[in-house]
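Undergrad: Have a look at the structure that comes next, please.
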Amino acid sequence: MQDRRHFLKAAALGAAALSLDGITSTPAHAAPYVKGGKAKPVVVSTWDFGRAANEAAWEVLKKGGRALDAVEAGVRIPEADPNNHTVGYSGYPDRDGRVTLDACIMDELGNCGSVAALEHVVHAISVARAVMEKTPHVMLVGDGALQFALANGFKKENLLTPESEKAWKEWLKKSEYKPIMNIENSSYGAGKETTFSPLTLPGNVYNHDTIGMVALDADGNLSGACTTSGMAYKMHGRVGDSPIIGAGLYVDNEVGAATSTGVGEEVIRVVGSFLVVELMRQGYSPENACKEAVTRIVKKNPARAKGLQVGFLAINKKGQHGAYCLQKGFNYAVLSEKENNVLIDGKHYF
Ligand code: ASP
């Protein structure tokens, strides 16, 4: 009881101190941001829709801005894109027809914030950042996350577009939960290899994808952001890897940063992004660290791993990047002074 009282008092004091800070200022509990000015900025993000996100992030990075601001600005692009059905606005709903968002963000100081099962707010990543900067907590979920968002000036909106609603109603006819892999990559955007459209999917499939972005700024600091509407037609209340620090995203400013996409349950089982960063600490290259994390997923259950997609993406302190995935089809976008938002295919296990 005493411990709890102590915690509540400390939390109230912390919140009072933090409320003096704006969303984009350094939180009161954090060490000051250190400007070193000795790195070549680079931003990487998952899938072909990462290219538009990278452009927005680059606007911040090229001016010497902070990686944290860059990744937030970057992932807000797919969050607001009505053609992207796996992130933010117009994301495919859960099986009850509710669009629920998961997101997290982490900076170079180890500060992090997260929201899960958040409804009615387009920019889940900015709510996650506000959790990081304005509360003594790391994670808010469901109604509590919404309540916090509304109290902090975020607008309440309907995220279910007619297109997504139509796809959900089609799915309801059979209500089966089976994956289609790499759907974003094959249905629209720069890939355009096929005419496969989410709206022409048979009713017995679901699909998924996430924007995970990690960046290095000119001061040599790393940050990351990860945001998704999660697996389409998931059970109401299901939370994937994307808002979980260590699973969908992890940043250690001494070593590197990693993020993931794909079936979140598999990523959580191996604490994927944390694992990738720890492997880089041991000297693995970003690609080999991602490969080892993918291999661990396979080892746990090869038969299960064969039927689904997971991709990891990482950068290290030098700005070197790499990725690895279970199945062919995962790619990532890289933007730096040298790499002009190129799309790179992840090597794959199967
Ligand atoms: N990782 C996301 C989730 O499990 C989905 C995805 O990236 O495909 O919710």
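Our numbering is plain: 1 for the first residue shown, then up by one each step along the chain.
Each Cβ is built from the backbone N, Cα and C atoms, and glycine gets one as well.
OK, TrEMBL features for this one:
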ACT_SITE  Thr210  active site, nucleophile
BINDING   Arg238, Val239, Gly240, Asp241, Thr261, Gly262, Val263, Gly264  substrate binding site
SIGNAL    1-30  signal peptide
Undergrad: Any same-chain residues 6+ apart from Asp241 (substrate binding site) with CB under 8 Å of its CB? Would you list them in sequence order, or say none?
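TA: The answer is Ala247, Gly248, Ser260, Gly264, Glu265, Val267, Ile268, Gly272.
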Undergrad: Using C-alpha atoms only, work out the spacing between the residue listed as 'active site, nucleophile' and Gly240 (substrate binding site) and round it to an integer in Å.
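TA: The Cα atom of the residue listed as 'active site, nucleophile' is 11 Å away from the Cα atom of Gly240 (substrate binding site).
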Undergrad: Can you list which of the binding-site residues Arg238, Val239, Gly240 have their Cβ under 6 Å from some atom of ligand 1?
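TA: Only Gly240 qualify.
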Undergrad: Given that the record lists Arg238, Val239, Gly240, Asp241, Thr261, Gly262, Val263, Gly264 as binding substrate, what is the largest C-alpha to C-alpha distance among them, in Å?
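TA: The widest Cα-Cα gap among those binding residues is 16 Å.
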Undergrad: Of all the binding-site residues given, Val239, Val263, which has the fewest Cβ neighbours within 10 Å once its own Cβ is left out?
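TA: Checked Val239, Val263; of these binding-site residues, fewest Cβ neighbours within 10 Å: Val239.
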Undergrad: Name, in the order they occur in the sequence, the residues of the same chain whose CB lies under 8 A from the CB of Arg238 (substrate binding site) and which sit 6 or more residues away.
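TA: The list for Arg238 (substrate binding site) reads Asp94, Ala117, Gly230, Met231, given in order along the sequence.
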Undergrad: Within 10 angstroms of the C-beta of Gly240 (substrate binding site), what count of other C-beta atoms is obtained when all protein chains are considered?
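TA: If we count other Cβ atoms within 10 Å of Gly240 (substrate binding site), we arrive at 27.
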Undergrad: Taking the Cβ of Gly264 (substrate binding site) as centre, how many other Cβ atoms lie within 10 Å?
TA: 27
Undergrad: Gly262 (substrate binding site) has how many other Cβ neighbours within 10 Å of its own Cβ?
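TA: That number is 29.
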Undergrad: Going along the chain, which residues six or more apart from Thr261 (substrate binding site) have their CB under 8 A from its CB?
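TA: Listed in sequence order, they are Thr46, Trp47, His208, Asp209, Thr210, Ile211, Gly212, Thr228, Gln309, Val310, Gly311, Leu313, Phe330.
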